Ligand code: ATP
Ligand code: MG
């Protein structure tokens, strides 16, 4: 593929940023330039059997992103062909998540919208001698299928007459037969080197209520058949999926070509009856590598087990790689899109380092989050030279690099909370913070000194008492003398006690999917992944709306919890530390 094909839609290849030059966008560009398509249409096809995770975000950003960049459209389609595992709860959450990521679908469709057309398509295959009803059990089908080295054997039911097949299929549809007793199979090639083409099942019997069609259907189409035909019915031009479907592509094409909706208007009449248009474009399946991230599990089955076994606090636990979890953790849609862009699109399977995800969040929040002061592990510091009840209000810029954030008033008083770890009675080498008798700059308030260390009976430091140099306020002459460190603080009288949830990676090993030595991902949970402490935040943090992100100075990025945060009882989740603390582990 050359980089220098004719420009189209006003996008000169030279002007395309590096991250937009992946091979799929290149194909789309060429298809538009050659006139193969005048407009492009993609779809995001989740199965509503769980919550979306960050792998889906990659697919969403790709499908909706490409549609947006090339003036096309993207549908959201629920691939609801397996009713046993599906739930309206997931249907609602998935829509929520796609919108949260910043995308709006052209049309919301369901595979189940097409059940009538799929059924007519299957009848057509039967009439054309390209599908048959097979009575082999699942076990027998497996035995007949052969292996990578051996061809399969033909089913004894393969040569049933068209009439018999039509009759049996109609009776399958009427609910006459038991689950698993028969299937409808495509008649392709039992000797094919591609096992997917060895007469794959396209319909199975399942007397299960469907979340969208209720009890209307006792038979359900198989994924490969339904997916290919769904794309064709919607006029999808580029059907983007992950690499494991590469071997399914010949079957995808077989279904599209042999059912041939484009030239069989009688098959698409059910759509027209529902007020949906007839589409003609022939979809092309293109595969890309799925997203894998270390220190993470991504399979829906494992995520489901974490929830049902109470190893996390639900699908939206801030440690989960679900979009609901990441959102609650404080990931912004912009950070998610930035991450997807950085990861890029290719056919190479790779493992992305967790730090890439955290890096995208830091980068977004550095410019997007206002600064606040909060103390996570408080130690009282009393400035004895200020009058009892001393109270004043200091002005602080909300962002060091962006004046548009404006400023706020921060109350200051005689008694402060400072971070326990900013004081050391016996300082280690290179220590730059508070020591007995030493000076420190209190951020925005002047230079203070510790004169007295108060301990409890057990010898724990419980309070510091000291002195604030009244001539050392920022801007005063006395502020210029050299003091080693600057620490943050909050006024003990004004600060609001807050529940602070210190989250970290859910797994402590790079590859939690590793099952060596009989272990499972459950054995690799990071016991330090959630610590809850009571800290203090300045009033302007407490009063924030849920889901507001801040940088708590020197501490990290935090978000007001989406569900639990209240102004009088603030709850903050740590989204990410300021620096990568795992790099040195
Ligand atoms: P399952 O097959 O267990 O249902 P799934 O992850 O394939 O899991 P789907 O709901 O079918 O779930 O996925 C919807 C879309 O998201 C598909 O097009 C799929 O290829 C894509 N997708 C899923 N996981 C990833 C991933 N890790 N990286 C990129 N795309 C993904
Ligand atoms: Mg799937």
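Every residue, even glycine, has its Cβ placed from backbone N, Cα and C.
Straight from TrEMBL, the features:
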type    : residues                            : note
DOMAIN  : 40-263                              : domain 'Glutamyl/glutaminyl-tRNA synthetase class Ib catalytic'
MOTIF   : 46-56                               : motif ''HIGH' region'
BINDING : 47-49, 53-59, 242, 290-291, 298-300 : ATP binding site
BINDING : 79, 223                             : L-glutamine binding site
DOMAIN  : 282-351                             : domain 'Glutamyl/glutaminyl-tRNA synthetase class Ib catalytic'
MOTIF   : 297-301                             : motif ''KMSKS' region'
DOMAIN  : 369-466                             : domain 'Glutamyl/glutaminyl-tRNA synthetase class Ib anti-codon binding'
DOMAIN  : 486-561                             : domain 'tRNA synthetases class I (E and Q) anti-codon binding'
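The Cα atom of residue 223 (L-glutamine binding site) lies nearest to that of 47, taking the binding-site residues 47, 49, 54, 56 as the candidates.
Under DSSP, the residues of the motif ''KMSKS' region' (297-301) split into helix, strand and coil as follows: 2 helix, 0 strand, 3 coil.
In this chain, the domain 'tRNA synthetases class I (E and Q) anti-codon binding' (486-561) lies apart from the domain 'Glutamyl/glutaminyl-tRNA synthetase class Ib catalytic' (40-263): fewer than three C-beta pairs between them fall below 8 angstroms, excluding pairs fewer than 6 positions apart.
Recorded residues residue 79 (L-glutamine binding site) and residue 56 (ATP binding site) have their alpha carbons 14 Å apart, per Cα-Cα distance. Below 8 angstroms of C-beta separation, residues 49-50, 53-55, 291, 321, 507, 512-513, 521 of the same chain, each at least six residues beyond the ends of the motif ''KMSKS' region' (297-301), sit close to that stretch. Ligand 2 lies under 6 Å from the Cβ of the following binding-site residues, listed in sequence order from 47, 56, 58, 79, 242: 47. Selection of the binding-site residues 54, 56, 242 by a Cβ distance under 6 Å from ligand 1 yields, in sequence order, 56, 242. Sequence-distant neighbours of residue 242 (ATP binding site) (same chain, 6+ apart, CB under 8 A from its CB) are 59, 287, 288, 289, 290. The C-beta environment of residue 291 (ATP binding site), restricted to residues of the same chain at least 6 apart in sequence and closer than 8 Å, consists of 54, 55, 58, 298, 343, 352. Its Cβ placed at the centre, residue 54 (ATP binding site) has 23 other Cβ atoms within 10 Å. DSSP assigns residue 54 (ATP binding site) to a helix.
According to its DSSP assignment, residue 223 (L-glutamine binding site) is helical.
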